[in-house]
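According to Swiss-Prot, the substrate binding site annotation covers 22, 23, 24, 37, 60, 61, 62, 63, 118, 151. Per Swiss-Prot, the feature ATP binding site maps to 201, 322, 352, 353, 354, 355.
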């Protein structure tokens, strides 16, 4: 197990604690569509407040080019206060004298939320001076943002040079469950990988092909494999110039007795009509077809594989679930995984690739799976074995 410096070993009474969370939540028409990342941060925030800390919460939000009211964390503070049943004060900056004055006025147990870190370009540049200014606000730094820990940013990586650093409860949970899943002790193990671009997942696919018993492919990634196997995919989305990568994955899978599973039948959109799915066998796809979901035979095959497995890792949707006509594959496989998890027959770890949205579409929740990772790119980096600057700096 990774040795994580736990916040439970520290005295926080009357200490200024800088807590890095990930409040990069989806917002539509001013309303938060999915508060999962906020909910995951609550245990750490509550623990620190109850321990008498002055809790200074920092996060990024979106990808602003400059200060933008639509990407202000002011949009989050009301929800955070409601979920904590406690007033959270918002400060519309994250460094400088106004922020320092607000912190000086805090009592133990108070919570403030600072403005979007990415309003300063120095955040993404991992700038030492910006990190030093953030660090000057506090006595202790806590990273509770696994989903950002693959990034070498000032508030994730550089800041740990200036403050004693600890891991929050959300980060600890992520590490525990992901490490448990990729230890590959409970076999057979199955991985489902979907999504659009295979090039962003090549290292993960090769690593999985070395370790898992079944590698189930969905989305445009499956289209690339079908094309590689000389199957006509019509007008379906695929990525050019990746045949060498596909060859490496297939070769790795063959060497390690990993079975790669691609669709046998699919639902397609005809003439770009996304309102209705037409069922096709793989060998019967027409030139104008766009593959957008798996068919019933493929669903049956995948369900059988999962039922025979002990561990499941899932990254990315199987179909274009945003269109109701093509959501069935993702939704039904989610339900199979959920049922087996509830029966105690399967350890299921899901993350990245719009997984939270897909889970909501299926009418399911956190409790229906062993663990749902908040990480997108971080989940990919972890499964790929990449170095994660935020973890290295926090855990060193």
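Keep in mind that glycine also has a Cβ here, set from the backbone N, Cα and C atoms.
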Rounded Cα distance in angstrom between residue 60 (substrate binding site) and residue 354 (ATP binding site) is 19
If you measure between the CA atoms of residue 22 (substrate binding site) and residue 322 (ATP binding site) and round to the nearest Å, you get 24
Rounding to whole Å, the Cα atoms of residue 201 (ATP binding site) and residue 62 (substrate binding site) are apart by 22
Cβ density check for residue 322 (ATP binding site), other Cβ within 10 Å (all protein chains) comes to 15
Filtered by Cβ under 8 Å and at least 6 apart in sequence, the residues in the chain of residue 355 (ATP binding site) near it are 314, 315, 316, 317, 372, 373
Cβ contacts within 10 Å for residue 62 (substrate binding site), all chains included, total 15
Cβ contacts within 10 Å for residue 201 (ATP binding site), all chains included, total 24
Check: min Cα-Cα distance from residue 352 (ATP binding site) over binding-site residues 24, 62, 118 goes to 24
Going by C-beta under 8 A and a gap of 6 or more residues, the same-chain neighbours of residue 24 (substrate binding site) are 37, 59, 60, 61, 62, 147
By a 10 Å Cβ neighbour count, the lowest-scoring of the binding-site residues 22, 354 is 354
